[in-house]
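Below you'll find the structure I mean.
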């Protein structure tokens with residue numbers, strides 16, 4: 001893991017995260033023009049950082065937030081589509097990989113709300129991962145939720161997963177990506193005040209807990225509704241920050257992520273190898289007791305057992321100490337039911 005140079009090497013993936021200014025757009029043509037601007041940014045960053053392998057833009061950076069429901073439907077993209085064609089061509093032209101936001105992606109059933117989607121494009125201009133946000137930021141966001149994570153071989157073979165904004169507040173999604181082999185988890189977000197300190201802290205904790213690299217791209221600026229705090233960052237698999245932006249609009253950070261180092265750590269680290277130890281619980285004591293050398297593999301957590309085997313019951317259980325309705329009468333949001 002290295003920070004401070006503009007290069008990369010056969011073993012290191014050069015990663016840049018962009019503090020892209022949150023756009024406020026209303027039409028398809030405006031979205032496409034913004035895509036062309038993102039393409040120009042890619043070219044400029046590659047010129048300044050010749051070692052760049054992967055560039056990451058925030059959630060909402062392509063479309064902005066469509067606060068008008070009709071505009072949200074009118075500007076929703078297809079994958080592949082006009083928007084992705086512009087972004088893919090920029091990746092191919094500059095020989096870099098890119099992560100881009102589509103807010104939204106058209107639902108398969110036209111009348112249902114769009115998805116909040118990320119795509120990973122390789123340096124040949126091919127879409128190699130499409131991820132739909134599993135945990136939209138309720139009660140405000142009205143995206144239709146996705147249903148799974150993905151892991152693919154990224155630049156130089158580094159294994160990459162994508163997650164979006166509020167997803168990252170749930171330890172389960174980080175662990176799912178890591179346990180499926182992800183070495184770099186990319187979190188694209190359009191996070192606003194007042195949650196700045198919590199969001200900076202959680203990505204470091206999740207990198208540490210899951211022994212993975214984390215790259216965060218966050219929006220900046222004010223779109224007339226929310227103020228976005230930036231602080232796009234790149235975190236090492238030991239939980240230390242390699243590089244972090246401030247609140248500056250269109251700032252960026254860059255670091256080199258070693259493929260060999262993370263694989264070495266996951267194989268040889270012992271006391272802090274959380275991924276291995278979770279599935280080999282108490283192996284020292286089990287071995288000393290003559291019960292084998294693999295520890296305990298079974299899940300000890302009652303909540304997870306219930307959730308997998310009876311999700312409706314798990315939902316009812318949490319409602320007993322939270323609330324039974326999605327809406328809250330004391331602070332209603334839209335037309336969400338409060339009873």
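Cβ from N, Cα, C; glycine included.
So Swiss-Prot says this about it:
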- 59: active site, proton acceptor (ACT_SITE)
- 133: active site, proton donor (ACT_SITE)
- 165: active site, nucleophile (ACT_SITE)
- 13-259: domain 'CN hydrolase' (DOMAIN)
May I ask for the distance between residue 59 (active site, proton acceptor) and the residue listed as 'active site, nucleophile', taken between their Cα atoms and rounded to an integer number of Å?
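The Cα atom of residue 59 (active site, proton acceptor) is 7 Å away from the Cα atom of the residue listed as 'active site, nucleophile'.
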Sorry to bug you, but what's the C-alpha spacing from residue 133 (active site, proton donor) to residue 165 (active site, nucleophile), rounded to the closest Å?
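That separation, Cα to Cα, works out to 8 Å.
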In DSSP terms, helix, strand or coil for residue 165 (active site, nucleophile)?
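In the DSSP reduction, residue 165 (active site, nucleophile) maps to helix.
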Can you see whether DSSP assigns the residue listed as 'active site, proton acceptor' to helix, strand or coil?
coil
